[in-house]
Amino acid sequence: MAPGVTEQHNGELHRDYTEDRAAKSQDVVYTTANGAPYPHPYEAQRAGSNGPLLLQDFHLIDLLSHFDRERVPERVVHAKGSGAHGFYRTTDSLEDLTSADIFKAGKECPITVRFSTVGGEQGSHDVARDPRGFSVKFRTEEGNWDMVANNTPVFFLRDPAKFPHFIHTQKRDPSTHLTHADDSTMFWDYLSENPESVHQVLILMGDRGIPDGYRHMHGYSGHTFKLINKNQEWVYAQIHFKSQQGTKFITQEDSHSYGPDYAQKDLYFAIEEGNFPKWDVCVQTVTPKQAEEMWEKQKINVFDLTHVWPQGQFPLRKVGEFTLNENAKNYFAEVEQVAFSPSHLVPGIEPSADPVLQSRLFSYADTHRHRIGVNYQQLPVNAPRVPYKMGNFQRDGAMAFYNQGSRPNYLSSIEPISFSKRTVDLDKTHAHFVGEAVTFLSEIRPEDFNAPRALWEKVWDEPARERFISNISGHMENCKHEEAIKRQIGIFREVSEDLASRLEKATGKKGYPGIAGLSFNGTHNGMAKDKANRGANGVDPTFSAGGSNGGPVSGTHNKAMLNGAFEGTNGKH
């Protein structure tokens, strides 16, 4: 006999998420939201067979009011996406570089991955020319680690305040309400005023601009993080996801023959058919000393989202691999509600001074609080899976799923909460920045064109160059502002005269001879011949860009860090 209500712990009764997720329709009984069984979902109470509806019909009122509220705001960026679940396994220990538990040999954890386009809306096309998001939630035994990546190693900007403005130019025009597929004026106006975007523009308008689904593309952190080991020694690091399926792309001409949900369909049915996609997880590391030398000698800035680290100089080191083997049961609950943030880190992994990363540490989590609620990390798809009982002093707010019981919601001496020992000494890894507050805006310099030039001249073959010119000239046809095209060709001329002259021929527009005679509204021009053209929007660059352009000059790191254990190539002992 079941115990009576007076014998039960009645406060412990709950609906089990895992059991509910696995239940079939045949296993459940149709009820209202408050659990009352209801005989038919299509019925409505009326005052007679031909009379008006009755307000007392809670089933109908609840049905309609829930329907009216079924959508959360779509993501401002990365709105259109696909996702799946799987697992990660460490194949090659990284314990010499980090104390993160997940990187010990043989460690495993469940993961959720979400792929996406960046600029499009929820109903946009999967094969639009756009960067792709590639975010992975590693549910480690020390909490969730989110690697919020893209399929490109660089981005359009390196100054954090530019991000909202840039995204606005990739969306619909405020007046015409057209995207840049029909009116590319805003698109090219912004890029032609912010030439540090040129590397990403080459990638976007090249073959990697339309990957063949999500299974055939790599992922890159783009941002620089820190890996800290048990001895409090640390290195700068970038994370790479390398597709074991290889990379494939779709040409602009062929893209018109693909369905709007092609990437979603390709990923979903590959997993359903047992063709589980896999990626290698690799790290690229640089010591503090190497970071300073790389800036001083090569003008490559480890804090700059538009720069890449040469893999010949700093080779990738594989640490593990992950597999996607399970589709979502409910797309909204498991993909639309999944929330990634670069601030979701675990001990042994820390952010660097990368300014765009620093801004995203705040912005991503803040977006989720707005979009799906202040308690978004309590949603099952976002909840950590740790071997200890979690507790904190966060109470209340909308949709507080976890109870936290009668525990004091402050640091109580009467009923004290437990703490784990510190594994990362932040004083040693973050306390070396000393300086006055400055208003900073970067400037464009000759080194910003080195990597794009190598991409055009050494990486791409001739057919790839021809496709690029075709792609970009076709997109420029919808730009109504000829000055933007002339400026953009001038920017491309700093990459390659060959590139610029080909584009002039394709567009029928004569571009500027370079950027030495231009001023930009979005960035200081460090290559301007006339001092009057150097400042962005007339702002005096003396008080902005400074001599280092935000790079780690000699002396950025204290001597203990420069003379520590990580002096060898790629951060190895």
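Every residue gets a Cβ built from N, Cα and C, even glycine.
TrEMBL does not curate its annotations; it predicts them automatically.
Per TrEMBL, these features apply:
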type     : residues : note
ACT_SITE : His78    : active site
ACT_SITE : Asn150   : active site
BINDING  : Tyr364   : heme binding site
COMPBIAS : 9-22     : compositional bias 'Basic and acidic residues'
DOMAIN   : 31-418   : domain 'Catalase core'
REGION   : 1-22     : region 'Disordered'
REGION   : 526-573  : region 'Disordered'
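Put simply, the residue listed as 'heme binding site' is 15 Å from Asn150 (active site) when counted between their Cα atoms. The two recorded residues, the residue listed as 'heme binding site' and His78 (active site), show a Cα separation of 12 Å. All protein chains shown were included, and the count of other CB atoms within 10 Å of the CB of Asn150 (active site) stands at 23. Within its own chain, His78 (active site) has Arg114, Ser116, Thr117, Val118, Gly133 as residues 6 or more apart in sequence whose C-beta sits under 8 angstroms from its own. For Tyr364 (heme binding site), other Cβ atoms within 10 Å of its Cβ number 18. Mean predicted confidence for the domain 'Catalase core' (31-418): the pLDDT average there is 94.
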